[in-house]
Amino acid sequence: MELFPVLWLAVSATAPVLIVLCLWVAYVFHTYRRKWRTVDLFLLSVCCQDLVTALFCFGFSVLRLIGPKMAAAPCGFVLWGLAASRTFQLTTLASAVGDRLLTIRWPYRYRFSVRRNQIRYHVAVLAVIGVLIGVASAFARSSESMLECSLHPQLWDSRYTLFVLVLYGLLMLSSVGMSVAMELQRWQMGRKARLQQLRTATPEYGTTSTGSSVSSSSSKPLHVLGRQTSRRPYSPQVLCEAGVSEYRWTVVAVVTLLSFAVNHLPFLRKYKSRDQSGWSAGASG
């Protein structure tokens, strides 16, 4: 048996498993919807995108097993869905990383100025952008790709290939840059928390007399809750003491890295090889 039918058979066999897994994760998110934060909306969106991508991959693998040459309508629909879901996921991941960076940069202001409805509207706008880019991918297919349903960029228009390469590269670079800034912010907050613990653990000895110190201290309240010591859920002091566990940054970082490694880097590499081959052919000509 040839290699490519075996690969498409493996994809068609593993896609239902991914679909069931995504449905289970979406059910878990729905169960704890009362405890959602802004980042949970982005994570749920990524889960739904993986579900849609698995459905389209299953359909594409079935079409490839049937034969490379097929009707243009189902092939164009599958290619549109894959391009739209991939773009939608990249923009959502960049937005999730940016959301965490803004949360750790302005904990109180960003927490109470951005609502869930605004995040839902933002995700809907990203979905519309992904759909439009998917439509562009359907129109960017060359005459040769109309006869053969293929994801290879060599059969697509070179201008669309360059556009997708620049767009995906900018989104991934911005996500990496914001991730580095997030790690720097977390390091600074951890450093401040350690310094604060050292200051509170060091005893202070006064040089004044006992009577004056007792009389002066007895006339003052023991503790006054001010603006700096308020019990806000996203107060910098509370988050420093909690070890920055309120941000769910580990989940966002792991999801972003896995999505880049599995869904986007292989596809981006294939586009890059397409551009390099086109440029070398143009130079030789």
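Our numbering is plain: 1 for the first residue shown, then up by one each step along the chain.
The backbone N, Cα and C atoms fix where each Cβ goes, and this holds for glycine too.
Under the heading transmembrane segment, TrEMBL lists 6-29 (among others). Under 8 Å from some Cβ of the transmembrane segment (6-29) lie the Cβ atoms of residues 36, 40, 43-44, 47-48, 50-51, 54-55, 57-58, 61-62, 64-65, all in the same chain and six or more residues away from its ends.
Sequence annotations record features per position, and here TrEMBL assigns domain 'G-protein coupled receptors family 1 profile' to 21-267.
Non-local neighbours of the transmembrane segment (41-66) in the same chain are 4-5, 8-9, 11-12, 15-16, 18-19, 22-23, 25-26, 29, 74-75, 78-79, 81-82, 85-86, 88-89, 92-93, 95-96, 99, 116, 119-120, 123, 149, 151, 251-252, 255, 259, 263; each lies 6+ residues outside the stretch with a CB under 8 Å from one of its CB atoms. The feature transmembrane segment is assigned by TrEMBL to 41-66 (among others).
Long-range contacts of the transmembrane segment (78-98) within the same chain: residues 39, 42-43, 45-46, 49-50, 52-53, 55-57, 59-60, 63, 122-123, 126-127, 129-131, 133-138, 141, 149, 151, 164, 167-168, 171-172, 174-175, 178-179, 182, 252, 255-256, 259-260, 263-264, 267, each at least 6 residues beyond the stretch ends and with a Cβ under 8 Å from a Cβ of the stretch. Residues annotated as transmembrane segment in TrEMBL: 78-98 (among others).
The annotation transmembrane segment is assigned in TrEMBL to 119-140 (among others).
What TrEMBL records for 160-182 (among others) is transmembrane segment.
Residues or ranges marked as region 'Disordered' in TrEMBL: 204-229.
The compositional bias 'Low complexity' annotation in TrEMBL covers 206-219.
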